[in-house]
Amino acid sequence: MGDFNLALVIVAIIVCIIVFIFNVYLLVNYQHPDDKNQAYFPKFVVVFGLSIAAISILMLPADVANRQACRHAIYNGACNLTLPMKDLWIAVYIIDAVLVFFIIPFAMFYYEGDQDKSVGKRVKNALLWVITTAIVCALVLGILYGVVGKVDFTVRHLSSTTANFPSSFQLSNSQPCFANGARQCSAFLANASSEKTWTMRATFPEYVVALATIVGSVLFAIFGGVGIASLPLGLIFSFIRRPKAVITRSQYIKEATELGKKARELKKAADTLHQEERSGAKGRKWRKNVKSVEKELLQLEEDVKLLEEMYPQGEKAETAWALTVLGYLAKFVLGILGLIVSIAWIAHIIIYLLVDPPVSAFLNEVFIKLDDVWGLLGTAAFAFFCFYLLLAVVAGAMMLGLRLVFITIHPMKWGGTLMNSFLFNVGLILLCSISVIQFCATAFGYYAQATAAQEIFGHTLQSLRGIKYLYKYNVFQIAFVVLAGLTFVFYAAFGWRRKKPTGRFQLSS
């Protein structure tokens, strides 16, 4: 068993290094040219935050592997020699909460500060916002922890008589205990009124994780429910709406001229908003106009990209068109695979979480059978399904951001992502990663049983006073499934249609 633990530690270290290198690669290739060789602190926060999010997702499979280290041990203290997963969970999620509520907001306020101001003034303004947030959060956490920071466990007293050691055991589900009569434990015969509530105070770190999970669960239910449908269907309908043929040169000139005119109008609107910002006129109307211009700019960029796809230029124009066609085919294939995963997720939630008692363990049994085929195959599939939920959250935030005015857009574009967009998406991923872990620990409770994650997110969280009813009645799971169903209906009704001009900065038809 010691060799197993050593191997697990080595694998964990290697995975952390790979995650860090991959996140640096994402930052380098996604960053905007204007951010090169500057904004080093936001970049550090981005890489560190993405690493924490990825590691937190991978910790659940590691928790399962850590549990298996002492599964076949022949002495009681064997599990004390494994990795301290509960302490690691608490540490990771405290870091997660500090990043989400303090470090990332500070980095965003500093990055988005007026560039004409000195560095000291930008740091001062960012600190004022963060300190104010810290005071409010500390007061709220302290009051809530002091008033309702307790867990209520419902228990029954179990008892059984003793008997001489038999030559053969005849125990079953209907007769689980030794007795002279019905051979059933007293808990089976007791009335419901005999239940008692065992109350104890939760530790403060666990309570912080619980409240952060509630905030993340609200966002996860909304963005994840929309995204689990829009992620695959967006890829599929992107293939359906793809350009079928190359346009003529005269058509290209006409469209390019129109786009240039709209780009000048957009720049004029942006300059006007910048002047209003410097004059201090940053009211509700100003913020609404800023978000409207951001959406128009994003649509204009998509129109330019579409025009470039429909009229490839240069010596390798034919190659570029062939790659465009292959790209849309890849989107279609990935969309079909994603649709299968999304349907599997929704089906699993319904038959395992919403139906009581569960109809089937479904994906739990799939992971267990995959582990029987090869030790890490089920673990890898388990991690993939958890990561897919995080991708769904980002996809859902993007879809709603394009359609709802009150949601800020922060698109991730290859070679064109500003640090504020990076920081926003990292904060969203970190906040929702806590809920994704809790959701996976519940949805795959049979596969991840007896783990430290299930102890924190399964027992303590679902017994917290005032919070437990949200999980008792499956509020987040129901909201997730309902929003996923509505999004499927939306795409079935409107997803196949081509985008039509809806604003001043749209591609002309």
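Here the Cβ of each residue, glycine as well, is placed from N, Cα and C on the backbone.
Here's what TrEMBL has on this protein:
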{"type": "TRANSMEM", "residues": "6-28", "note": "transmembrane segment"}
{"type": "TRANSMEM", "residues": "40-60", "note": "transmembrane segment"}
{"type": "TRANSMEM", "residues": "90-111", "note": "transmembrane segment"}
{"type": "TRANSMEM", "residues": "126-148", "note": "transmembrane segment"}
{"type": "TRANSMEM", "residues": "207-240", "note": "transmembrane segment"}
{"type": "COILED", "residues": "256-310", "note": "coiled coil"}
{"type": "TRANSMEM", "residues": "332-354", "note": "transmembrane segment"}
{"type": "TRANSMEM", "residues": "374-402", "note": "transmembrane segment"}
{"type": "TRANSMEM", "residues": "422-447", "note": "transmembrane segment"}
{"type": "TRANSMEM", "residues": "475-494", "note": "transmembrane segment"}
Mean of the pLDDT scores, which run from 0 to 100, over the coiled coil (256-310): 79
Best-contacting stretch, by C-beta pairs under 8 Å, relative to the transmembrane segment (475-494) and drawn from 6-28, 90-111, 332-354, 374-402, 422-447: 332-354
Sequence-remote partners of the transmembrane segment (374-402) [C-beta within less than 8 Å, at least six residues beyond its ends]: 53, 57-58, 60-61, 64-65, 219-220, 222-228, 230-231, 234, 295, 298, 338, 341-342, 345, 363, 366-368, 408-412, 425, 428-429, 432-433, 436-437, 439-440, 444, 447-448, 487
Distant-in-sequence neighbours of the transmembrane segment (90-111), which means Cβ under 8 A and at least six residues beyond its ends: 39, 41-42, 45, 48-49, 52-53, 55-56, 59, 122-123, 125-127, 129-130, 133-134, 137, 205-206, 208-209, 212, 419-420, 423-424, 426-427, 430-431, 433-434, 456
Proximity verdict for the transmembrane segment (207-240) and the transmembrane segment (422-447), three or more C-beta pairs under 8 Å: yes
Cβ-based contact of the transmembrane segment (332-354) with the transmembrane segment (422-447), 3 or more pairs under 8 Å: yes
